[in-house]
Amino acid sequence: MFKRKSTAELAAQMAKLAGNKGGFSSEDKGEWKLKLDNAGNGQAVIRFLPSKNDEQAPFAILVNHGFKKNGKWYIENCSSTHGDYDSCPVCQYISKNDLYNTDNKEYGLVKRKTSYWANILVVKDPAAPENEGKVFKYRFGKKIWDKINAMIAVDVEMGETPVDVTCPWEGANFVLKVKQVSGFSNYDESKFLNQSAIPNIDDESFQKELFEQMVDLSEMTSKDKFKSFEELSTKFSQVMGTAAMGGAAATAAKKADKVADDLDAFNVDDFNTKTEDDFMSSSSGSSSSADDTDLDDLLNDL
């Protein structure tokens, strides 16, 4: 059941999580999402809940890569969730090609994406009142994550008091406000309210009811949820095509593709109607030398 925990313990758990940035999990019915109106605005009151396991943090961090290229999708969990950047073909592709510094567009497409997960109690949901009083998984971004951290990482010397927002007795409700700003969802007005206990939390039967609705978030990041490097590499190559080779190999492959396209476009009928004089005149000049140079370059690249 629920136990009181120190804010220092929560701070240590969150710091450990932050070191292993983690983002993909498929859609499931246990996830709560704020319903927005036609203008893209919405609000609700939620309560972040503690972990089901006292030894684990009340949050989970997932990293994924999700993008579409050459008409194909790549959506997979990234091993950097566990601090392992070598077992992800996309991370290797980014690193080997130094995409962050050399190709901002490509980097923006394939970069790691981080999502944060928590168990929450829905306190007030005006757009879907049937959710009130129920426990769900909730996925959120860095803006809200920073607001949670700000409640813990306070300046004690200045008289500020750290708050474990997940504590059922001394935590705080969170007012989630989303507004559409320049085409994007903005969470700036979201905030924690004053510390308060969850109503009826001292009732053991109520505690049990909440506890049984919660999920073990550690299962979301367990290594059996991540595919092998070989399997991911195959998928990545299928999506990326020759670009997955990187460097000179990719350039050479593009040249080879162009040669193949040129051969496909060759008109045999035109060839059959050319006279001996046509061939003699077309062979003069520097075109033959240029073609030989291109071919040499292609072979060298390969």
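Each Cβ is built from the backbone N, Cα and C atoms, and glycine gets one as well.
Cross-referencing 3-7, 38-42 with Swiss-Prot places the feature region 'LAST' at 3-7.
Compute the center of the Cβ atoms of His65, Cys78, Cys88, Cys91, which mark the site for Zn(2+); besides them, the chain residues with Cβ within 8 Å of that center are Val63, Asn64, Glu76, Ser79, Ser80, Tyr85, Pro89, Val90, Ile94, Arg112, Leu232. The sparsest Cβ neighbourhood within 10 Å, among the listed binding-site residues (Cys78, Cys88, Cys91), is found at Cys91. In this model, the region 'LAST' (3-7) carries an average pLDDT of 64.
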